[in-house]
Every structure is written in C-alpha cells, then in structure tokens.
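Asker: There's a structure below that I have some questions on.
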C-alpha cells in the first residue's frame, strides 16, 4: 500500500462551476494564477453537483445544503424536494399525520390555517407546488380560513419573477373557494440566517400583528408597488394584504401555522421566534398560542411537530473518521459554517469525537458585493495555522465567496471574490507542501460562472447546473471521469488508507500511480 500523506484538506469553493460560455463568467474573467497553475500541474477533472446525481429532480440545479450532504455522506441522498414531491404525486402528502393534525386543530378551535414559506419554483428552500398542495389539502379537510404568508425569492429565481407565482395563487384560492394571500415580504427579511434579528422581526410582526410598511388589497398590486420603489423580490418590504372589508389576517391563539420550507438553514431563526418560550432575538409584542408544524427537521432545539423527519445517515465521512480514531477539522465563515458541520455530517448537530470546528464571522455588510473578499484572509490564517500544526488527518474547509457574491448579481464584485479565493488557495497549498499534506479542490454547485441571464438580460443570481472542478494537489495520480459529489468521501478515505464502509455507494476517483 502507498504511504499516506497528512493532512488531506478538502477545499470546497462554494458556487464555483465550470462553464464553456465565457460571457459574464466571473470565474473565467477573474485573474486566478494559482488555480491556473494547479490545473496545469496536477490531475484534474469535472464532477456533477446537480440533478439526479445529488438526489434532486433531473435538471434541478444543485445547492449548498444538498452538495454538502452528498460530499460528506459518500452516497446520493434523496433530497426533501424529491421526497415531498413524490409524497404529493403518490397522494401520501394529504394524509401526513403532522399536517393533518395542524389543520384539524385549527378547524376544531374555530381558527385559521396559516401557511408560510418561500413562494418560489426555485426548489432550493421550498417549492411552490408543495405550498399549493398544502393549500388544497387544508381546504379539502374543511378549513375555510386559509392564509398564505408569502416570502418572495429573487435569489434562486430571476430577481423580479414573483408575479407569476402570486397570480397563480390568487387564481388557486378563487378556484378553491376559500383562502387568500395574506402578506408578502422578501426573503432577505424572513429568511435571514446571520442573527440579523431586525430583519426577522419585520416578518414576525407582519404575520402576528399585521404590522407592515405597506398595505394593499391585492398581492400583485403590492408587488408592482415594490418594483416601483425599486425593490426586487428578495428585498420586498413588509406588505399586508387586506380582505374585501379592509381587514388584515394575523396569527391568533388557536390557529395553525405551517412552515413549508424544506431547507433548514434559513428556516431556523424565524421558527425560533415563533416557538421558543425564552426567545430573545427581539421583543415580541404578541406570542400566539398556536399549533406550529415544520415541513422538515430544522434543528435539534426546535421541538415542533415535523411532517417529514430527516432520514438517519450512518457512516458519513465524519463518523468513519471518528470510529477509526482519526482527527478532523471543519472550518468556514458564518454563511457556510452549518454546511461544513451539520450538513456535511448528514444532519447531525453534535461534533464527532476528534472533530474540531472553527467559525470565522462573515462580515456584517448588507450584501456581500460590498466586501467580496468576505472574511477569506482571516479564514485562511486559521486554516494555515491548523495545517502547520499537523494536528489533523482530514480538514474540511468552505470558501463561501463565489456563491455569496454570485447571489448579488454583481459581476465585478464576483470577479473580485474569485480572485480573493485564488490568493487564499495559494497560501493553503504552500502550507500543505511544507508539512507534506495534500488537497482536493472542488465545489458544491455552480453560481459565479454565470452572472447574467442569457434570455432576459437580467442579473443571474441563482445557482447553475454546471459541472464543478475537481483537482488533486498531491501525489502523481489519475482521476476517473464522470464523477459526482458523492464520490468525494470515499476518495478521501482511500487516500488516507482507510476502508470504505458499505453505506458509501460513491467510488474513489483518484488512483495513485505506484
């Protein structure tokens, strides 16, 4: 057997895809001398991070949560989007016990069924087809008061694309004979994940008190007014929608509130504001005693009923390393810290034995195009120190820049973001060379390689379905073609001389030349 090297570092360049078309391709236009040199010098290829290869529907773009679950578990994990869509088409959804209990409790109390979530066909945090199924199910079970609190996207969808969704739901409620859109607000407020409670509080007050910056009698009118104020979907101010009598619909005691987002990271904060008795993120004027249900599992400390609990993943990379007595480090900025820990560990919150974690605070700026380098220098300082300490067998690091700046739609800033990451990789590779370590450089999904929508000409702020890079900076080796994210964990185990558990269905991609 070949002697192994340590540490092996996995560098995940978030939102860094490969695209032939160079138009508005921030990765192509960025000056990346380090990656250019590594590509010229070391074995490299492209692997898949989207669609069926990561357990999403065919053609569906990848995302960070899905990417890290596949990277860390070494198998294709069928995602909540796919699971729930299947439950709807199989008619299992309409008899889901947690959802039925919520609707029935509201009906029996003479209350309303409130449904909140990201109203979007994006499929990253939610899918509007799931929200539609929930509205239909509530009415079918006898609910006459059904209120939709719509969070608007513009990030995993074009920046101004919510009108079609809102119009569709207006028509749906007309057809059903009950229900209406009760409020709209941008995801920037409702779905913050960086403890910016001043944002979340606006969504909370909108739903619980009808307290809004604006009030309209129709959701589409509210959206058009937001566009006139130059607010894209993501940033739409809190807008309450009144009924024919000019009344707003607020969450009351005895009501049910069903949160239809299936992705956890941006659902946690607002959920805690609704259900934690000792919540202190902001002052809550009212705390309705209601029946709260989450579509999926958001966090260990969130004890609400769950419609679709997580599937238990055993023998993920982290667990195998623990069981074999290996040491590991997880490191990233705030924005992607959950991804290299919770998601990489298959949805487990607690660190494994021998697993250290380093969290670097992301900069407190309104949007990351204002600071495209983010906290990459500080992150790299800590990463280099960890490498040089020779304390770890395996290091998992995520650089968020390509994704977080890619989401702003600002091409020049995205170029700077890529250049900042390239500089950091240079320092990491140098540190690894010093201690005889190796690294794999890859990504979880694409984003920054496409900064404009070729059809509409609007900024492209969403992820892509492009292949992502896979570079091995280490011993002389060959790389298999046609790999996917789930092949990365088995590859790492093979490189450090550990056997691959049966649960990992991925295949090692790197073959060291003897």
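The backbone N, Cα and C atoms fix where each Cβ goes, glycine too.
Feature list, courtesy of Swiss-Prot:
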type	residues	note
BINDING	14, 64, 444, 445	Mn(2+) 2 binding site
ACT_SITE	64	active site, phosphoserine intermediate
BINDING	125, 155, 156, 187, 193, 263, 264, 265, 266, 336	substrate binding site
BINDING	403, 407, 463	Mn(2+) 1 binding site
Asker: Using other CB atoms within 10 angstroms as the count, which residue among the binding-site residues 14, 156, 403, 444 scores least?
Answerer: 156
Asker: Output, ordered by sequence, the same-chain residues six or more apart from residue 125 (substrate binding site) with a CB under 8 Å from its CB, or 'none'.
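Answerer: 118, 156, 187, 191, 261, 262, 263, 266, 267 - these are the non-local Cβ neighbours of residue 125 (substrate binding site), listed in sequence order.
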Asker: Please report the Cα separation of residue 64 (Mn(2+) 2 binding site) and residue 193 (substrate binding site) in Å, rounded to an integer.
Answerer: 14
Asker: Once 14, 64, 444, 445 are set aside, which residues in the chain still have Cβ within 8 Å of the Cβ centroid of the Mn(2+) 2 site?
Answerer: 12, 15, 49, 62, 63, 67, 68, 336, 339, 398, 403, 443, 447, 463
Asker: Can you list the residues of the same chain, besides 403, 407, 463, whose Cβ falls within 8 Å of the Mn(2+) 1 site's Cβ centroid?
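Answerer: Output for this site, in sequence order: 14, 15, 63, 64, 155, 402, 404, 406, 445, 447, 448, 461, 462.
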Asker: Of 193, 264, 403, 407, which binding-site residues are close to residue 445 (Mn(2+) 2 binding site), meaning a Cα within 10 Å of its Cα?
Answerer: 403
Asker: Can you name the binding-site residues among 193, 264, 403, 407 whose CA is within 10 A of the CA of residue 14 (Mn(2+) 2 binding site)?
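Answerer: The binding-site residues passing the 10 Å Cα test are 403.
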Asker: Between the binding-site residues 193, 407, 445, 463, whose Cβ has more other Cβ atoms within 10 Å than any of the rest?
Answerer: 463
Asker: Given the binding-site residues 193, 264, 444, state which is nearest to residue 403 (Mn(2+) 1 binding site) when distance is taken between Cα atoms.
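Answerer: Considering only the listed binding-site residues, the nearest one is 444.
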